[in-house]
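The transmembrane segment annotation in TrEMBL covers 44-68, 112-134, 141-162, 238-261, 290-308, 328-348, 355-373, 379-403, 423-445, 465-489.
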Amino acid sequence: MAKGEGAESGSAAGLLPTGVLQAGERPAQKEPKKKQQLSICNKLCYAVGGAPYQVTGCALGFFLQIYLLDVAQVDPFSASIILFVGRAWDAFTDPLVGFCISKSSWTRLGRLMPWIVFSTPLAIIAYFLIWFVPDFPQGQALWYLLFYCLFETLVTCFHVPYSALTMFISTEQSERDSATAYRMTVEVLGTVLGTAIQGQIVGQADTPCLQVPNGSEVASEGANRTHSSTSLRGTQNAYLLAAGVIASIYVICAVILVLGVREQREPYETQQAEPMSFFRGLRLVMSHGPYIKLIAGFLFTSLAFMLVEGNFALFCTYTLGFRNEFQNLLLAIMLSATFTIPVWQWFLTRFGKKMAVYIGISSAVPFLILVALKESNLIVTYVVAVAAGISVAAAFLLPWSMLPDVIDDFHLKQPHSHGTEPIFFSFYVFFTKFASGVSLGISTLSLDFAGYQTRGCSQPARVRFTLKMLVTMAPIVLILLGLLLFKLYPIDEEKRRQNKKALQALREEASSSGCSDTDSTELASIL
């Protein structure tokens, strides 16, 4: 390298006067392009950006329903409308935001970062107002519906560009995989943090109980009236305090992300004459076979884990009889997932991503069978919780690690189709949320047909059996279907290495042509 630099300098000195060379840039001083290595600090700053979505999502997922019913005292029908419309709107905002991002132009901050910067302050205001009880009872349902949908829109404006940012933090697939592992670890920690903060702060308040024992309605009504002026207000303040703490975490994580991560542009993307239209990009993305097979496989596996997640509390309470162990079992799942993500990152780099999918996601099946066949046992339940956390870690990590491979394959087959990354990520998130809505609908309808009693201390045998099927057998069937679909996924390790080499050659060709044009312009201006 030293000889090359000396030769180039000597030839330039023969052509140009010494004074000109000293006054301007050296026109022919080029070095071979080095691999882009992300520092641990860069990866941590990128990973921290995934926490806001998970912290707020966990707090809303576990506590919004009980907050609307017990604290805000919204009637159950209105509460169901708020929750259903909010989830449906949340799903449809992902492709909508993806469309808007695809039409965005590059700025000094990048193409994705401005969305994160400008959505953050509005999102925390909307989040705080979700947990505020207004003074007008007649319009409460509209209040919560408005700010719930508004927050979901704004957090989508944060999370969709953040997800697509994976493709722009480095051009090296190994660096992106490593950063994704950091991100998944922080996101799992975010779920634990959101549940712990909301649960511990709200748990300190004395929430009035809505269930009244038979025969004591009159006496308890007077006690509730005298108690509601203090305990209900204290509970409302506790929810506001928890919202303030979580909103502060949201802002801190967004600031760390913006200051610690630099969005990079692909060299060959700058040569594109004009951006592709969203609908043409959508047609190309949805006709890309590896992407369809990937999201189809993860749609079934995501539905399986969401069935377990959505019915876990009811299953522990009514089927297993562990009413007071739910939070501890949930913590065991999340901690197991957190500590296992680095292991899965090592495994996929050593044995490949498809093998990690087969081993990681299927590892929960034997333990789910054990729960289905064995009588209630607390120790066995904790073992199953730890095993479920291992599979949850794989389900967290692998989709986000495999999506960049699909996008790289798409870029090779469509070399002039750039700006489609937000479409890939937004529609994957859309299908994931669609699976969440499907799991919620299946669970609610199944329990309703089984005769679920909303305020019962115990449930009929049919309800307990239905919960066992929803948490064990149904997820097993869905996992097996998902793994069968993964057999059709064409990007194995050999294909991934070929794509990496081809993309690297494309980047080097684009960079060298760009450098040649720049050097020619500089040389002409100096002469």
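Think of each number as a place in line: the chain as shown, counted from 1.
Each Cβ is built from the backbone N, Cα and C atoms, and glycine gets one as well.
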The transmembrane segment (112-134) and the transmembrane segment (379-403) contact flag, 3+ Cβ pairs under 8 angstroms: no
Cβ-based contact of the transmembrane segment (379-403) with the transmembrane segment (328-348), 3 or more pairs under 8 Å: yes
Positions on the same chain near the transmembrane segment (44-68), where near means CB under 8 A and six or more residues out: 38, 74, 79, 82-83, 116, 127, 130-131, 144, 148, 151, 155, 158-159, 162, 165, 169, 179, 182-191, 193-195, 197-199, 202, 239, 242-243, 246, 249-250, 253-254, 256-257, 259-261
Cβ contacts under 8 Å made by the transmembrane segment (465-489) with residues that lie 6+ beyond its boundaries: 290, 293-294, 296-301, 303-305, 307-308, 311-312, 314-315, 318-319, 354, 357-358, 361-362, 364-365, 368-369, 371-372, 442-443, 446-447, 449-450, 459
Non-local residues, at least 6 beyond the ends, that sit with Cβ under 8 Å of the transmembrane segment (328-348): 177-178, 181, 184-185, 188-189, 191-192, 195-196, 312, 316, 322, 355-356, 359-360, 381-382, 385-390, 392-394, 396-398, 401
